[in-house]
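The substrate binding site annotation in Swiss-Prot covers Q79, R85, N117, P118, V119, D120, D145, T146, A147, R148, T228, and the record cites sequence analysis as its basis. Marked as beta-D-fructose 1,6-bisphosphate binding site by Swiss-Prot on the basis of sequence analysis: R150, H165. Here Swiss-Prot flags H172 as active site, proton acceptor. What Swiss-Prot records for Y219 is phosphotyrosine, and it gives sequence analysis as the kind of evidence.
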Amino acid sequence: MKISIIGTGRVGSSTAFALINAAVADEIVLYDLNKEMAEGEALDLLHATTFHKRMIIRAGEYSDIEGSDIVLITAGAAQKPGETRLDLTIKNAKIIKGISENIKKYAPNTLIINITNPVDVMSYVVWKVTGFESNRVIGTGTILDTARLRALIGKNCGVSPMSVHAYIIGEHGDSELAAWSSAMIGGVPIKGFCRNCPYKDNCNKDLSKIFDDVKNSAYTIISKKGATNYGIASATTALVESIIKNEGRVYTPSVLLDDVYIGYPAVINKDGVERTIDITLNDEETEKFESSKSIIKEYLESIKNLL
C-alpha cells in the first residue's frame, strides 16, 4: 500500500506519523515545495519506523507519487487567527488546482483525500480539475467536528463517546450544524436520554452550548498554538484505514451532493465513498443544511474562473 502526502507542514507530518503508528502503509512518499523540510521529515519519520512496521519513508518529486493507492492533500496557506475557513478560498484554490493537475498526470488511478481548507470548496476543485469519479475524491469534511461532538457529549453525559451516535453535517466551518434529530446515546434519542439522566439536575451544559464548543474548537486551538494538527491527522488516518481494510465505516466526509461537496454521513470502503446515508432532520435542520450548501456554492462561484 503506497500513500503519498502533498504538503509536509504540521498537518502533513502529523498525518504521516499517525499512519506509521497505524501500520497501514508499506510506503509513504512526502512531497513539499520546501524540499529540505520534506527530506527532514522523511528522515525523522524513518527513524520512528524502527519501533513499528517496516516501511519505506521518503521525500520525492511529483513523479514519485506514481502508483500511489491514496494521495493525501494537506498543502495550502495556513489559517490565521480570526480567519474563517472560507476566507482561504481564493488563496488556496490556485494551489489546489496545480496539485490536482499533477495528481491527474502522475497518479490517474489513485484515490484522493483532501484535507486543505476550506475543505468542501477545495475538494470540489480537486474533483473538477482531476475529472475523477466523485467516489475517488473525498474531503475530510466534518469527521473531526463529529468526533469533537461525540467526545463532548460523552464527557458531559458520563458515557463513552463510542456509545454516542451524533453527527455534525454541512460546511466544515461557520455554517455547520448538529443533527440533533438523529442523535442517540446507547440507542436512545439524546433528548430522551437527557430527560431521564440521573445527573440532569447538576448538568451545566445544554445541547446548544456543547455545539458552540464544537464549532469554536478549531478557532480556540488556533488562537493558542497557531494550528490544528493532531485531531485532523487522526481523523484522516481513520478514513484511510476504512479504505485500506474495506471496513465500511460511517463517517461524515465531504462528499458530492447536488453538485457541491459537503459534510454528510457516508459509508467508506475500498472504493472510497460507497454511498451516503440519509439521516433524519427536522425542518429547522433541513433549512440550515440547505443554507450551508448555498454558502459553499457562493464561494464556488467566486472561483469558477479558475476551474
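Numbering starts at 1 and runs along the chain as displayed.
Cβ from N, Cα, C; glycine included.
All features noted in Swiss-Prot, drawn onto the structure.
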| residue | record | DSSP (3 states) |
| --- | --- | --- |
| N117 | substrate binding site | coil |
| D145 | substrate binding site | helix |
| R150 | beta-D-fructose 1,6-bisphosphate binding site | helix |
| H165 | beta-D-fructose 1,6-bisphosphate binding site | strand |
| H172 | active site, proton acceptor | coil |
| Y219 | phosphotyrosine | helix |
| T228 | substrate binding site | coil |
What's the CA to CA span in angstrom from D145 (substrate binding site) over to H172 (active site, proton acceptor)?
8
Sort the recorded positions H165, H172, Y219 by C-alpha distance from A147 (substrate binding site) and give me just the closest.
H165
Other C-beta atoms within 10 angstroms of the C-beta of H165 (beta-D-fructose 1,6-bisphosphate binding site) total 17
Going by Cα-Cα distance, which of the recorded positions (N117, R150, Y219, T228) sits nearest to the residue listed as 'active site, proton acceptor'?
N117
Want to know which binding-site residues, from N117, V119, R150, H165, T228, are within 10 Å of the residue listed as 'phosphotyrosine' at Cα; which are they?
T228
In the chain carrying T228 (substrate binding site), residues 6 or more apart in sequence that have Cβ under 8 angstroms from it:
V11, A218, I221, I222
Validating a neighbour-count step here. Other CB atoms within 10 A of the CB of D145 (substrate binding site): how many?
29
Which residue among the recorded positions R150, H172 has the fewest other Cβ atoms within 10 Å of its Cβ, if you could check?
R150
Students should find that the Cα atoms of R150 (beta-D-fructose 1,6-bisphosphate binding site) and N117 (substrate binding site) sit apart, in Å rounded to an integer, by 22
For H165 (beta-D-fructose 1,6-bisphosphate binding site) and N117 (substrate binding site), determine the Cα separation and express it in whole Å.
26
Largest tally of Cβ atoms lying within 10 Å of a Cβ, found at which of the binding-site residues V119, A147
V119
Ten-angstrom check, please: count other Cβ atoms within 10 Å of the Cβ of the residue listed as 'phosphotyrosine', all chains counted.
17
